[in-house]
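Q: So TrEMBL lists the following for this protein:
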- 112: active site (ACT_SITE)
- 240: active site (ACT_SITE)
- 270: active site (ACT_SITE)
- 106-183: domain 'Beta-ketoacyl-[acyl-carrier-protein] synthase III N-terminal' (DOMAIN)
- 224-312: domain 'Beta-ketoacyl-[acyl-carrier-protein] synthase III C-terminal' (DOMAIN)
- 241-245: region 'ACP-binding' (REGION)
Ligand code: ACO
């Protein structure tokens, strides 16, 4: 049996920080409202960096952590909703910036669930025996889609990137992945093309919130059942970071203390496809997540799309 094991993690945040106090000067809001409703205190925002720049920095950190060379990578998948260009893919730009060529490189678009979709795809490629060192990245410059006159929305988003090296191994790594979509919810959360060519995110926040909580409850049940596991078998929840109240609801479902949930939404905001690998790398580097532990990653986002991955780290 070939497993895909996380051999190294990395992340990168653009240096400029936008605090709630900064937003108070831009829209009619308060730090208290934002923090109470979302758990967010600050987020990072690009100035002139592109999604591929953030992705490449995160990739370099993951490559170093995995103790491999860029030349060892034989598959690149980037989850992003905010590519530098309509085409080519961010993945091919990362490939070039890493100084390598030849291996397959493509993007996956599943908004906030994108990293889980990318991880599931890379996992299947590695399990098939075709590739040995996959670079899987979640990278976004979501603040470029923000309408900074829409106070109910612009306070949520941040920019960043996270990456993992998935390596073929005879030891357990990814135990299972589960991905889903339901396209009938398209207009609950979307970025339509407007006649003037601008693209801004539109979200029915309240409806998204309720459906997200219910759906994440179901994906927790599905993942545990598929692996014959109990709630108590999970060491860490590494969730998509949309809103602290959604994280708390999933922790309650798992009967898990918030001490076992990796929370970065306070510092990063919602970075869409980047949030899970950013949270993972944060908790690996500060020593909370240890080798041999069982991690549950889960996400919900535009589409709607949702998914999970159960991982022996
Ligand atoms: N500051 C002050 N007041 C505000 C702000 C603000 N920034 N934004 C909205 N308000 C006001 C509203 O106008 C409203 O006022 P009213 O009662 O006088 O009409 C009141 O606050 C409540 O507004 P709601 O929209 O009902 O607030 P809610 O509690 O739903 O919180 C939020 C909004 C934070 C967006 C929440 O709904 C949420 O987090 N939703 C889920 C987001 C999410 O999970 N997205 C999923 C993935 S994202 C992806 O896939 C890309």
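Here, residue 1 is simply the first one shown, and the rest follow in order.
Heads up, the Cβ atoms here are built off N, Cα and C, so glycines get one too.
Any TrEMBL annotation is an automated prediction that lacks curation.
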Q: Give me the CA-CA distance between residue 270 (active site) and residue 240 (active site), in Å, as a whole number.
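A: Roughly 8 Å, rounded to the nearest whole number.
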Q: Quick one, of the active-site residues 112, 240, 270, which Cβ has the fewest other Cβ within 10 Å?
A: 270
Q: Based on DSSP, name the secondary structure state of residue 240 (active site): helix, strand or coil.
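A: Residue 240 (active site) sits in coil per DSSP, no helix or strand.
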Q: Between the Cα atoms of residue 240 (active site) and residue 112 (active site), find the distance and write it as a whole number of Å.
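A: About 7 Å separates the two Cα atoms.
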Q: If I take every residue in the region 'ACP-binding' (241-245) and average their pLDDT values, what number comes out?
A: 96
